[in-house]
Ligand code: NAI
């Protein structure tokens with residue numbers, strides 16, 4: 001029986017390994033982590049992450065051929081294939097701070113693998129890493145190996161949170177990079193054999209190591225670039241009276257462009273896009289390519305611009321002050337169908353409004369009060385460096401309440417900001433909400449999910465990103 005061990009039981013390690021266990025009953029899969037609460041949660045009825053379909057997959061395999069454990073060394077020692085799916089955050093200090101990937105967690109995992117191994121192993125990079133990381137890992141492993149042979153493969157993960165199980169069941173492609181040597185090819189084939197249990201062969205792509213590593217960074221950069229492109233257009237639409245939904249529909253009908261990832265919004269979030277682009281920028285700079293670095297940096301600048309623009313729009317529409325006004329925040333997760341708040345635009349928008357002394361009442365169906373308060377008091381990048389967490393600021397906590405119902409959040413509010421596109425927000429009783437709000441009542445839709453005409457009919461002043469402006473908003477000072 002082939003044994004797989006995955007180091008890192010996070011958003012990637014947990015779901016990917018659960019699906020491998022489900023699709024390959026003949027393979028034993030152990031997912032290990034140094035975090036005891038995380039492993040305890042994986043072994044309980046309340047999994048540590050919310051992901052549609054995940055509970056069912058885990059329930060089917062856990063205890064049969066899928067195990068979650070903190071006994072990292074034992075499971076690594078016994079495995080034939082070791083996936084490494086630890087976090088690779090942006091460095092906060094030292095060389096490359098604010099851009100380069102922090103490979104501390106990766107390096108310590110690699111040293112541990114070398115330490116405890118007693119048999120040859122295939123080590124798979126599942127985390128997103130800078131190009132040439134495999135070479136560094138190879139050096140760590142071979143210099144500490146006591147004669148044991150390691151083959152390094154790059155197998156980046158392309159799943160999207162919120163649709164992870166679907167994406168894993170039916171991936172557009174699985175990418176495996178390896179050394180172009182007989183041993184390298186053999187290792188690639190062994191990993192291909194795992195995926196071949198359910199992925200059609202023509203969707204399993206093999207490349208050299210560096211292409212696989214770079215393809216993941218490139219894919220995320222391209223996806224984020226589409227969002228920044230349509231968001232840049234949304235600002236122009238507001239200035240000209242065009243409607244961004246109509247523009248992106250027309251643009252996306254071109255088969256060379258395609259319709260996906262063209263929704264204007266308050267900005268992209270999540271743990272990957274910004275971190276991976278910053279990493280790409282750093283790699284370009286290190287390779288003497290400042291123009292290329294500058295090009296990709298712009299994707300992040302537009303994203304920051306979009307979040308600022310949104311905050312400015314809220315404040316300027318409400319007579320240039322939100323001081324002591326109650327603003328309801330509907331949605332805090334970085335997208336629907338996940339409880340993940342890493343780099344969510346809601347953090348920047350809420351901080352912007354708190355900066356103008358607003359009182360916030362926040363509702364998200366999947367994000368806990370503790371998480372929201374932690375996010376609003378953390379410094380940038382702290383979220384992925386648990387050791388550096390700052391204590392909560394009492395002032396911020398006082399200005400923020402978290403509630404478990406959209407109607408409660410909006411009661412007596414002056415304005416509503418929709419920051420996550422949860423389906424349940426589309427079907428709210430907006431007449432009831434309007435009746436219970438202060439007047440004039442504002443809706444700022446950062447995800448373009450409400451029916452603008454219907455809400456205006458009820459009496460709301462509505463701002464929806466990239467849509468023709470309400471007469472009210474046109475009269476307000478210009479937003480930069
Ligand atoms: P995560 O933070 O949810 O999980 C990482 C886990 O690794 C944590 O539970 C941590 O305790 C554990 N860990 C760290 N060092 C360890 C060690 N030495 N031994 C054992 N466990 C250790 O991170 P997530 O979101 O799963 O991401 C992992 C990697 O996958 C990152 O490189 C990310 O860029 C990449 N990725 C993430 C995607 C996502 O949607 N979240 C999608 C595709 C790739």
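Placed from the backbone N, Cα and C atoms, the Cβ positions cover glycine too.
Copied from TrEMBL, the annotated features are:
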BINDING   8-13, 33, 38, 86-90, 127-128, 161, 272-275, 342  NAD(+) binding site
ACT_SITE  272  active site, nucleophile
DOMAIN    328-452  domain 'UDP-glucose/GDP-mannose dehydrogenase C-terminal'
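Here the features listed in TrEMBL are placed on the structure.
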residue : record                   : contacts (Cβ under 8 Å, 6+ apart)
8       : NAD(+) binding site      : 31, 33, 83, 84, 85, 86, 87, 105, 109, 126, 127
11      : NAD(+) binding site      : 49, 51, 161, 164, 271, 340
272     : active site, nucleophile : 128, 220
274     : NAD(+) binding site      : 90, 224, 268, 300, 303, 343
Candidates near ligand 1 among the binding-site residues 8, 90, 161, 274, judged by a Cβ under 6 angstroms: 8, 161
Three-state composition of the domain 'UDP-glucose/GDP-mannose dehydrogenase C-terminal' (328-452), taking helix and strand from DSSP: 47 helix, 19 strand, 59 coil
DSSP-derived class (H/G/I helix, E/B strand, else coil) of residue 33 (NAD(+) binding site): coil
Where residue 8 (NAD(+) binding site) falls in three-state DSSP terms: coil
